[in-house]
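One structure is given below, encoded as structure tokens.
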Amino acid sequence: MGTRLLGCAALCLLAADSFHAKVTQTPGHLVKGKGQKTKMDCTPEKGHTFVYWYQQNQNKEFMLLISFQNEQVLQETEMHKKRFSSQCPKNAPCSLAILSSEPGDTALYLCASSQ
């Protein structure tokens, strides 16, 4: 049963660095069990003030979860408000956390930045 729970919510992350971008996302891959907290970090390109977190689900659909300008939230989905936590402090990596993982969280999570 423990193995089944462990494989319940596999979270894949794409390190943008592999595309020669200046955005760094860690960790590169996560596997979490149901109910576990999950945290991902994103270091935007130097000088960029906008940060975006996206989720690409198993149907290959992209959805913006949250966006920041500097430390302020610009857009936030209802799903993010209910199940996620994010922050983007000055001079530190931005983070995206899933408060309690569920099987439906199996997805590719992407961070992007712009000026």
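Glycine is treated like the rest: Cβ placed from N, Cα and C.
For C111, the disulfide partner named by Swiss-Prot among C42, C88, C94 is C42. Every protein chain considered, the tally of other Cβ atoms within 10 Å of the Cβ of C111 (disulfide bond) stands at 25. In this view, C42 (disulfide bond) is surrounded by 25 other Cβ atoms within 10 Å of its Cβ, with every protein chain counted. According to its DSSP assignment, C111 (disulfide bond) is in a strand.
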